[in-house]
Amino acid sequence: MPPTTELAAPERAPALPTTDEQKYPCVTGADGVPRISGVAVDPAQGFKATELQLCTLKRPHMRAFHFQWLSFFVAFVVWFAYAPLLVVIREDLGIAKRGIWLSNICNVAACVVARFVVGPLGDTYGAVKVQTGLLVFAGACTLLAGTVQTLAQLCALRFLIGVGGATFVITQLWSSEMFATGVVGTANAVTGGWGNCGGGFTILVMGLQYEALRDGGLSDEQAWRRAFFAPGAAVLAVAAAMRVSADESPRGTLDDAAAAGARAKVTVAASTRGGFANANSWILGVQYAACFGVELHVNNAMAMYFYDRYGLSVGTAGTLASLFGWMNLFARGLGGLASDAANRRLGMRGRLLVHTAYLFAEGAILVAFSYVDALAPAVAALVCFSICVQAAEGTTFAIVPYVAPKSLGAVAGVVGAGGNVGAVAWGLLFMFGSDGAAGYRALGAIIIASSFLSVFIRIDGEGSLFSNDDKKAPDPAPGRDAEA
């Protein structure tokens, strides 16, 4: 029999409420599966969904699901809106290449602190409230992005806009609040992956928008400055829609879930202790630096790399570089799906095996990429590399919900912040070392080394890379109630 991998709910109510007491009634069909708004749920896990129905916006589960990825998507758009225009901005403002690397570091550095902070805040105050605040702040700063005149101003605004990257932590916390253990790996990976597509979208669209504005009669300077208005306004619009029409839990708000006994109330201090004191959080954080941190670095650097190395136009360089981000459409979800499948067969050991394999492959392909000189094979290697990067991100956050369930936001914050620490480190590596093929070769070797850290991960009640704890029944197949 496969080992057990069920994630225990933080606290269970002594008795389930009646249908009339629930904001969203649960109805059991003829097949014996309880459903809310047509989505299969598990009452034993606080009515979390046991399936994904991607083509519906019904509350609470699927409406929340689509706002989870969309809120992160628009935050990612403004977070990296500067990246494809940096080759123009550096010439217009007379900024040296090293100054551009410094602005890239500022862009991801702010998110390190923000991610540590917002995880416990999400545990305490609820995902929708915290996510709305982050989007409003990032959107307002983006509307000012076209006003910069100096390197210091560029670094300052990129730092402030980078706070919006902390939306990822809330996306993962929110997704884990809504989806049961049998599908949480896939749900977390898809919401994170589709959100990450904002990186590919902004690298593609901002460069093309700049060229369209310039071809429409604006000067180079006027074109790049005006290009920031549309993404800033889009972020504010999503924040408003999410605040008034999305739920924080299967019961409605976080307070509704706590009142029903489906979720324990937790203070910021208690959440912080539970997540920050767990060694697994920090190991996964280091490994996340080697996948998501690498993604952030590539989003900032690849368009400039293609522009400088192959002599391409701004639009063409951005289009090719955007292929890296577009792999998020499926690749991060692929990692979560593979992790869930391995979990059903091999338990936590399976999740860790898949996770380790993707990290190793990611590093090996990046080393190969560093030796490629021609454009076509370089693009092919970039795509393969991207698939492994995104899949490794998905496998990471398929493990996160098991680390410390009562401090899920804090764990997500530590791991998510690790990604940004990695991006800062890789930015410094390229700033003070080689920013070309040799830099990517060294980075690939570091990623390979990070994959071996999996041997130190052991999750209480679940297992490790070498064995599982045999305390629980196997997870149910997606779409089935755990008690059916």
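Just so it is clear, glycine is given a Cβ too, placed from its N, Cα and C backbone atoms.
Taken straight from TrEMBL:
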- 64-462: domain 'Major facilitator superfamily (MFS) profile' (DOMAIN)
- 67-88: transmembrane segment (TRANSMEM)
- 100-118: transmembrane segment (TRANSMEM)
- 130-148: transmembrane segment (TRANSMEM)
- 155-174: transmembrane segment (TRANSMEM)
- 186-206: transmembrane segment (TRANSMEM)
- 310-331: transmembrane segment (TRANSMEM)
- 352-372: transmembrane segment (TRANSMEM)
- 378-403: transmembrane segment (TRANSMEM)
- 410-432: transmembrane segment (TRANSMEM)
- 438-457: transmembrane segment (TRANSMEM)
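Touching of the transmembrane segment (310-331) and the transmembrane segment (155-174) is ruled out by the presence of fewer than three CB pairs under 8 A, sequence neighbours closer than 6 excluded. Outside the transmembrane segment (438-457) by six or more residues, the chain places 279-280, 283-284, 286-287, 289-291, 294, 297, 352, 355-357, 359-360, 362-371, 399, 426, 429-430, 464-466 with a CB less than 8 A from a CB of the stretch. Residues 100, 103-104, 107, 111, 131, 134-135, 138-139, 141-142, 145, 154, 158, 161-162, 164-165, 167-168, 170-171, 174-175, 178, 190-199, 201-204, 206-207, 210, 220, 224, 227-228, 231-232, 234-235, 238-239, 241-242, 245-246, 299-300, 303-304, 307, 314, 317-318, 321 of the same chain, all 6+ positions outside the transmembrane segment (67-88), place their C-beta atoms under 8 angstroms from a C-beta of that stretch. Predicted-model confidence for the domain 'Major facilitator superfamily (MFS) profile' (64-462) is 89, expressed as mean pLDDT.
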